[in-house]
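S.K.: Here you go, one structure.
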Amino acid sequence: MTRALILVAICLMLTLNNAAETKVHIVYLGEKQHDDPDSVTESHHQMLWSILGSKEAAHDSMTPWLLSFRSQTNQFPSESTLRFYELQTTRTWDYLQHTSKHPKNILNQTNMGDQLIIGVVDSVTLNWFGFILLKQEYGQSLNHSVTMVLDQYQNVGKEVQLGHAENPEYISPRDFDGHGTHVAATAAGSFVPDTNYLGLGRGTARGGAPRARIAMYKACWHLVTGATTCSAADLVKAIDEAIHDGVDVLSISNGFSVPLFPEVDTQDGVAVGAFHAVAKGIPVVCAGGNAGPSSQTISNTAPWIITVAATTQDRSFPTFITLGNNVTVVGQALYQGPDIDFTELVYPEDSGASNETFYGVCEDLAKNPAHIIEEKIVLCFTKSTSYSTMIQAASDVVKLDGYGVIVARNPGHQLSPCFGFPCLAVDYELGTDILFYIRSTRSPVAKIQPTRTLVGLPVATKVATFSSRGPNSISPAILKPDIAAPGVNILAATSPNDTFYDKGFAMKSGTSMSAPVVAGIVALLKSVHPHWSPAAIRSAIVTTAWRTDPSGEPIFADGSNRKLADPFDYGGGVVNSEKAANPGLVYDMGVKDYILYLCSVGYTDSSITGLVSKKTVCANPKPSVLDLNLPSITIPNLAKEVTITRTVTNVGPVGSVYKPVIEAPMGVNVTVTPSTLVFNAYTRKLSFKVRVLTNHIVNTGYYFGSLTWTDSVHNVVIPVSVRTQIMQRYYDEN
């Protein structure tokens, strides 16, 4: 078959309304009609000439912003204003039991990913020729490199929309802020012994597939404001190049906040690009976003994407605070300076004995008189969820000649090193204990010890506060996130420009960090099972995930109120690479299933045709979105009894026999027929029906359960989430 070509013209349209405004449009022109590039360009000019009215206007509107997309699609003409995305920012693999200690485990089966190619769309990496030069300058500290097969950059969309503003970014594939380097090293970094960050977290750093190759596509750019942005056009182009280059897996650690765009809209460049990648058999792993813990904040929600939440791991950085009454409080920090011996401890507050005003809120410490802070350890409280609050509080105390700061805040946020200054985090409970001690004595004092590294018990696993949560705001019947992985204080390589750079490494937190963990594992699964579809691989990791942490304890979800985690926090659970390699059954899907999904949720025939490059006419009546063959069941509006169909494919022993185990959501009846699935050499696929009936008589929130198919060896678990809605489309706030 002749490879088709999407021709995407990035056109400059000037809207004359007092001032000229530059806009960017992605125009899909369908299959290429000419092999000669000059003929192709001339056909674009002819089209624009007919629209704009003159040959000169057509030429000016397109030059030089022309991108040729090479993936096999056949789009109807459409256009959309450019959308920008945000980047979603050593112990991990041991915690996940993803090691090479057993001779038959997935790392050894795949030779640690040798010959695999993981495509990373990000800010690229410190490698290739730029890496060689930097290594000469900075020595061996950059050894946590990845094996690069190519790197490219796309910045047409960014340049057109934002212009070539003065900023420190490299207009080349070289990484500026370290985000892409960190992501690539997490997915496929080589073994680097005796790695640490400020002396903490010491061990051997490596990626999930340490011998895999990385193909980097730079579509994200550091701006003069300090932010990093990724244009939709650059993302689509980068994904298209990755498809053309033949990557095995794509890892994309960016997204945007609600409200989300429809999956068929080119403004959702990730969803559109990912669809074409998945159609070519390339799994796409995406960060779920950092807008948690609020519900309905999950991004990258298309059902063909593997969407990843972030958890902590069984490692912490305890820092001991000893009060003058010999009570020791254990905070968290990244402090590796000297001991701070017993020093005056203060909480700035009005006592009524002074005409001065004092401020105990962390954001207002700089407003305090200098003598209140000078040569003291300061306690403050904040409601902020940003790690930058700790940095700012430390900076303010330093300027006022203080000796340290203890920040009381909601738990679950990223730690900051505060550049060698002792800044410690405690929760409100411990902060209140310290405050009561201060108020109980005329001469409160405290001493601070350097941070230690604690690994294993009793450190528990939690879904990170920042990790975006479901349910899915576009299609509530599609469970998102799909899976969770460690994404808090992940130690990996970075750029020297990284604010938190330390000898080539940094600790970063975000779903940006958890997504490449899963991407590395997905690459290995594709090596073990090269004929599995992206949907089968997604099913394998969802149905075999840990729903307790590796020590067997329940997983909690951090937030304003810590609670037991549910599928909207972590999808199927925490990824388990060994079990995913041998799941027993998979819930498989292909492009036809995704087209049925698009029809079921009400997209028009023309918009679906534009996405899938194939004329599509949806059936009437529409199929049910509940029947999409996902490894989950999510019913957002149950009022009457519904029956749902799923199909499983046996990828285990030929003669397997499975029976269901049902854990029904509270107040909901769930039955499965047939009650046994019997596979043989001629029957690899079997369907079953799930009947769901609510006993509730009022609108409820979601209740959770599970459906497990078991053959006594494999336990194939899918989450079940049900919300009763007697009154449909009802916003419940009473």
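Backbone N, Cα and C atoms are what each Cβ position is placed from, and that goes for glycine too.
Per Swiss-Prot, active site, charge relay system is recorded for D122, H179, S512. What Swiss-Prot lists as domain 'Peptidase S8' is 92-581, and the listing cites sequence analysis. If you look up Swiss-Prot, you'll see 361-438 marked as domain 'PA'. Positions annotated as N-linked glycosylation site by Swiss-Prot, on the basis of sequence analysis: N108, N143, N326, N355, N497, N669. What Swiss-Prot lists as signal peptide is 1-19, and the listing cites sequence analysis.
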S.K.: Measure from the CA atom of H179 (active site, charge relay system) to the CA atom of D122 (active site, charge relay system) and give the result in Å, rounded to a whole number.
M.R.: 7
S.K.: Out of N108, N326, N497, S512, which of these recorded positions shows the lowest number of other CB atoms within 10 Å of its CB?
M.R.: N326
S.K.: N669 (N-linked glycosylation site) has how many other Cβ neighbours within 10 Å of its own Cβ?
M.R.: 13
S.K.: Around the C-beta of H179 (active site, charge relay system), how many further C-beta atoms are within 10 angstroms, looking at every protein chain?
M.R.: 29
S.K.: How big is the gap, in Å, between the Cα of S512 (active site, charge relay system) and that of H179 (active site, charge relay system), rounded to a whole number?
M.R.: 8
S.K.: Does DSSP put S512 (active site, charge relay system) in a helix, in a strand, or in coil?
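M.R.: The three-state answer is helix.
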S.K.: Taking every residue in the domain 'Peptidase S8' (92-581), what is their average pLDDT?
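M.R.: Mean model confidence (pLDDT) across the domain 'Peptidase S8' (92-581) is 84.
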S.K.: Taking Cα atoms as reference points, rank the glycosylation sites N108, N326, N497, N669 by distance from H179 (active site, charge relay system) and give the first.
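M.R.: Of all the candidates listed, N497 is nearest in space.
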S.K.: Just to be sure I understand the packing, how many Cβ atoms besides its own are within 10 Å of the Cβ of D122 (active site, charge relay system)?
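M.R.: Cβ-Cβ neighbours of D122 (active site, charge relay system) within 10 Å number 28.
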S.K.: Report the nearest neighbour of N497 (N-linked glycosylation site) in space among the glycosylation sites N108, N326, N669, comparing Cα positions.
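M.R.: Going through N108, N326, N669 one by one, the Cα closest to that of N497 (N-linked glycosylation site) is N108.
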